[in-house]
């Protein structure tokens, strides 16, 4: 069963639903026309200025008509249907449009709003808010894959416009259509990776590895903690990883399934450096080991990365939502606290499957003496 | 006043809210902790399997707790606040998170959902659904401009991530950040416009004109019916039009404020042709003259355009949402009905401010004898 919740707003400051019997009866008549019974509940609210009526639909859904002191009249229509399995709702989309029109004719609002129905209790959740908490509905039509790895919940949902979309711990990670993400986190075409050594932190979806291998790098090392993400990408996210993950090691690349902090520390001990370090870790660390706050973890990764970065090397990372200026500023403040001085540039691009503009950073050491 | 409507779903098939006094009281206790009074309404619904309770918040908002026969429990929290003018809600975002957690602890649902609050009766509407009716909330923070022209309602809203956004008759038209739209409708860089003649139908925001003038065309003719859109773009959409509209005629361009059908017919009479025709009209014709159905209008424009297109010319147009395959197919069927045979290619790109993938068409005549 799916519950469809349709939301209607009417801003009608001249109308007093509570004291205008004629208007109230007119609205009740309209609602009854759409096969509701009632009102089964009629109640004045304690402010003495607003009222609330509940109607019951023949499908067992309930309709709530409410007035507010400012003249806002809201109607919430909760319909029960089996639409997910093809069964029609008792009041369909066109009828709801007519209902809105009839309500407008009665209330003569200065403005009105009728939103697409919210799916309550649907089999597949299609709502994933942006980082700045905007409500975004996706066109997900099918659960392709789901598992709980030792590190996180891994889900792949299918979207008509994005292809398969990787979701980690309920966070939209990357879609097959998001080549812009991969292009941006590898420098938007400004870099020449030929004969270079590159370290990818995270990147289990294989997008960055697949991109870099096309430019004849000397060697790409990738360290991702979650083999289940890698295996999921190989099977369901080929639009992202291509065939790059089909062999975890080759002449020009090696994928380690491990904690990248361990590897970074090992490279430092060995004195091994890279021309590029690309941090594609999830924003919130998935490792179970306690490492202090999120910001401390970020700084730890940054500090270790700077130590394995060759003096003229570059560090790329995804940052945060363009609409979170405070978080971006806080990140930039961390950069000032690193054990070596760095400079940075940032670039904002709209990542389609994120439904928001995302900021990426390019960071380099300004003091170019080794291991400074 | 703004009403914030927070939506919570709990899928708890093992729980029977109606017959489990302990559970019910536990939930009531949780809701009362968040400063609600009640339930002021307790009612069993006629299916005998579900129930509904209304609580009243101290701000005059109402909270609806509802159970459905399938085990879905919904909670709708309508809070009244003056948040638009800075005043806090009585139960804030973090407290709502705690509430959701406490509800989960009591209901032990197999899954749960907590959506960002829906703004009811807000001064600025931030909800503009996609063409396939997905609910999308925008980050609009300011009404920049609004007028009713003789042809349509014209609005410019400001978005932190998109810049100024042009909205015509409540339809998202173009944002300052949407250079991808302009690039795609001018052939995605595949065309050489140098010394070419180009006719733009519509295009009042100036984006296409501004783009084309950078490539030394012989002459660009633009015909848009609505001078108010043009004036609005000059003032508020300079990220789209640049300085292209500052003079409506120049050495290499001329903007006519007129009905493009009239102009097309005149060009046909004169035997005037263009190397490119770019149709940037709004999907639904804004002219007040009746011209039959939308599809008939589309075909009329297409037919007239083909007649002014040079034999080797190209016609570009925006099509429809990628997620509306039926509408795209219907458009392609219209192409087969034109008075001259044509071929086409299409390209889908994600237009950020549309929050959806949009399909563009490139059309050319296959029979290359003039005026066929």
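Keep in mind that glycine also has a Cβ here, set from the backbone N, Cα and C atoms.
According to TrEMBL, the domain 'PABS' annotation covers A:126-365. Within the model, the domain 'PABS' (A:126-365) carries an average pLDDT of 94.
There are 24 other CB atoms within 10 A of the CB of residue A:280 (active site, proton acceptor), with all protein chains counted. Residues or ranges marked as active site, proton acceptor by TrEMBL: A:280.
The secondary structure of residue A:280 (active site, proton acceptor), as reduced to three states from DSSP, is extended strand.
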